[in-house]
């Protein structure tokens, strides 16, 4: 523990931390809309297909340090999103299939061009997208902060249009919104965000921070505004914890941030108050117990004039329950005060009759 604290104190770099923080917020700012569009893996497709943009730009400028390589990558990223959308509209092509087709095509074309024209150059995605977080510099904020502001302004000014387009594209068309314009503005920003972030922090953190916080927030709330804010908060928490753990344990920063995104997702997936797996299991168990009690009460009401049917040792046979299941249900009904047992006869009392009528009225 002492060595962990010493590592954190000794290795903490404010400029690296700020770059990571702002980069994760920039990525998360568009993540919710991608997840709701069911286009999460478009980012992964971009991470492969942008190589074509790098190659084409290099063939034009012949300089590995030219900013045009990033611009070429961004344009191919937009083209990737466009082609995925175009193929995905076909009734016989699913969205995931279109992603696989497009990025493998662009990537293979890039490999062919490299083998034909740039054999003597070290040209691959690492040529532009080093993405080494540990070696990043505070100057990278000049790229990240304007992009974060642009993303936030886009969400602010087009929030209503984005909301209608994502949840009901037909209504958006009826109301006169240009869904095509909204979609490609969104995908252009996603492409720019992904490409610039690839250059700063690498592909692992880009995919993780764009999708992880958004997917986690949507486990907690279905309100778009709340999920957007929560995704930003989760991006802040995950990137901060991931960075501190990484320098404390002397492990890769991007890997720990991606790991924290997964941990938080699993925590909410299992432990979310209303939608978590544990909460659903508890709710289902309570509903099962309630249904069993109502079944018992209904049996007693239907056979209240037949003493033999309501005998303590005969009821579970009619209901075709196991004896242990029957005893648990009987004890629960007794604790709630719905029944009484007199001379080995199970009797439905007024409280039980009231509950039974209330439930029947509710279900009908």
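Cβ atoms are placed via backbone N, Cα and C, with glycine included.
Unlike curated entries, TrEMBL annotations are predicted automatically.
Database features (TrEMBL):
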TRANSMEM  16-36  transmembrane segment
TRANSMEM  43-61  transmembrane segment
TRANSMEM  67-87  transmembrane segment
TRANSMEM  99-120  transmembrane segment
TRANSMEM  140-159  transmembrane segment
TRANSMEM  171-194  transmembrane segment
TRANSMEM  200-221  transmembrane segment
TRANSMEM  228-247  transmembrane segment
TRANSMEM  253-272  transmembrane segment
Stretch contact, the transmembrane segment (140-159) with the transmembrane segment (171-194), Cβ-Cβ under 8 Å, 3+ pairs: yes
Seg_contact(the transmembrane segment (228-247), the transmembrane segment (16-36)) with at least 3 CB pairs under 8 angstroms, min sep 6: yes
Beyond the flanks of the transmembrane segment (253-272) by 6 or more, those residues with Cβ under 8 Å of it: 16, 20, 24, 131, 133-134, 201-202, 204-205, 208-209, 212-213, 215-216, 219-220, 234, 237-239, 241-243, 245-247, 278-279
Cβ-based contact of the transmembrane segment (67-87) with the transmembrane segment (16-36), 3 or more pairs under 8 Å: no
Stretch in 43-61, 99-120, 171-194, 200-221 most in contact with the transmembrane segment (16-36), if contact is a CB pair under 8 A: 200-221
